[in-house]
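K.L.:
Just passing along the structure, written as structure tokens.
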């Protein structure tokens, strides 16, 4: 109530924020005559002057007014486009590190040039993220005219570029590209062996176009780089043949909302009978259990032409948010192989994760993050909580006059689609263009077949035909055109009205069902009524639509029966529309919780990832590895001689002495010293001997010694990190069961994950030192001897470690904290720079 009174007296926070910018807008306008007097040659000179000022300490805010005025004039000359005042507001919002909500057709692409130029003056680079390669290339080429006019360089990062081309693109003042390319480049950079191979610079300032699509819709999908594992693929075919024998609700239960499967006791017994095993949950049969669950998911939760298509003998994922094909992307955890077995195509080998990150954690690494979209306000709470981003709604340049008709709700799919076809036919007859939005390829082809029967010409825009996408969208606003499109979210291309269309009502939008997100419905509506044009929208629903079926269509069916409604007669009632919106809010809330859960778990991995990637960078940029190697050796001696130190001068029993000797030989190869075979060396003797080994290696390797140390450390780090990711995946899969033991699964995951991480750091040190102490250089070291091999699986490694089972020597119950390890106090700093000072 208080907020309502304050809003009425002083305007909303949004209105107050925009009002505060008015003086700067006026100052920019006042500079326009001065900027008009500049010659073309003076624009790059002005930019060079501003760069010098920023380098000398001037803040970007201090020169914002002048730079925005300069960019406005540059736009007029290079693009014949002048930034409106509301676009200036959008530019200021983006520069301030917020999200600008701007309606379709308000010129978001042009708005981004203002903060991009201003922030490029720091020399640290600006990244502009788009949803696909086509838009990245289009925007870089289109807006590149403006940047080049100002003397700034512009690059574009798209699929298929070499590392050299990527380095060049990232080295530009302003770089366009997709979220996937930027994220994967970050992961790939953290798998490189030499700093010269890195392609990305510091993550400085980022503007995300269609920010809701990238930071919310795609946030549930982590980016994963994987390599082939050694699991056999034959089991997928075997399990696939038994899935039809299992009955839904009898042998397993399906939760469509949560997209999960639960086996019943009867189902478990049936699987055991079919497979001829005693206990499906026995540790030796655990892989059967995993394959069966994925097989049931493939058959009962994933549909062909909705979640994926089969093309050229391959299962290709369809992006559920944009309807685009995602070639090269695979479902993880064996699900993709289960789908391949279901569809009868070749089953590719399962992959093991080598590196992964979520978009949430990738984009939060930027020093400053901003975004723009036509629809963000409905998700403003999530943007604030997860990304600390405020949403500012930018007023339109001209008033909106589009008509949004109430939803038409029918009892059955057949009635609904007949009504849709009637509506299209009526609009086509008078020449009004129509855009039909569907939620899947299957539905778009159903509408297409109805129109073919009525002999209504039309275009289909979906994941199967997106090569012609730009042409189809460009013509969708022309007189008499009918266009059917899967999810228009993120299409990024405006639909401009053709000649004579304004007079007959503008573009008419038809939604064939409500999406689970209100935002995506709003994006479809927003394709009509751009820049004050007329237009209209209507959604057609049926009680057996997925959203209606999952969230309370029974109540509406009861109302229709009581009203005695005849077949083909729709409900058009505000209360029903409100109930549907409430259902959507429930789904949005449910999805928000899933994303928060993902982030909570990924934050544990993120802290570990930061430590590992920081260590990798330190090693790559280090000019002298001797200090780090010496530190590792000292820590391993502490571990090996722990039992000796605990004995406090007393002689060790024969068994303990033998275990200490075995440990020293595993790590340092001391059995090569004849003297040590007769009596266990003291720590001082062993340290002196290891020091001699490393000195000899240093002398033999000459200038390459630094490279050898770095190679062995990075190789050990990558190998152990890969295994650690697999262990963390297994921990995550089983952690949910801790809830049954009255333990908080997230707390247990964090605690056990940290233990696994500490053990992994110990193994990295062991592997590195062992490799150095067992290395023999018999010939002259060649330049490429220790070059990183592209395929890590090709690396062969051998040492003198005895493979027999041995009793382990007495070791510390708590691992010693290494000087480069994360400090146990939780500060996030290295131990040597925190409590270890």
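Glycine residues also receive a Cβ, built from the backbone N, Cα and C atoms like all the rest.
Sequence annotations record features per position, and here Swiss-Prot assigns ATP binding site to 87, 105, 106, 107, 108, 109, 494. The annotation region 'Disordered' is assigned in Swiss-Prot to 788-837. Positions annotated as Zn(2+) binding site by Swiss-Prot, on the basis of sequence analysis: 823, 825, 834, 835.
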K.L.:
Near the Cβ of residue 106 (ATP binding site), how many other Cβ atoms are there if near means within 10 Å?
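P.N.:
Counting Cβ neighbours of residue 106 (ATP binding site) within 10 Å gives 24.
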K.L.:
Could you tell me which of these binding-site residues, 87, 109, has the fewest other Cβ atoms within 10 Å of its Cβ?
P.N.:
109
K.L.:
Starting from the Cβ centroid of 87, 105, 106, 107, 108, 109, 494, the recorded ATP site, name every other residue in that chain with its Cβ within 8 Å, sequence order please.
P.N.:
102, 104, 110, 111
K.L.:
Within 10 Å of the Cβ of residue 494 (ATP binding site), how many other Cβ atoms are there?
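P.N.:
Taking all protein chains shown, residue 494 (ATP binding site) has 18 Cβ neighbours within 10 Å.
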K.L.:
Which has the fewest other CB atoms in a 10 Å radius around its CB: 105, 107, the listed binding-site residues?
P.N.:
107
K.L.:
What are the non-local neighbours of residue 108 (ATP binding site), defined as same-chain residues 6+ apart in sequence with CB under 8 A from its CB?
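P.N.:
Non-local contacts for residue 108 (ATP binding site): 90, 100, 102, 209, 372, 373, 374.
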K.L.:
How far apart, in angstrom, are the most distant Cα atoms among the ATP-binding residues 87, 105, 106, 107, 108, 109, 494?
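P.N.:
Of all Cα pairs among the recorded ATP binders, the widest measures 17 Å.
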K.L.:
Under DSSP, is residue 105 (ATP binding site) part of a helix or a strand, or is it coil?
P.N.:
coil
K.L.:
Under a three-state reading of DSSP, tell me whether residue 494 (ATP binding site) is helix, strand or coil.
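P.N.:
In the DSSP reduction, residue 494 (ATP binding site) maps to coil.
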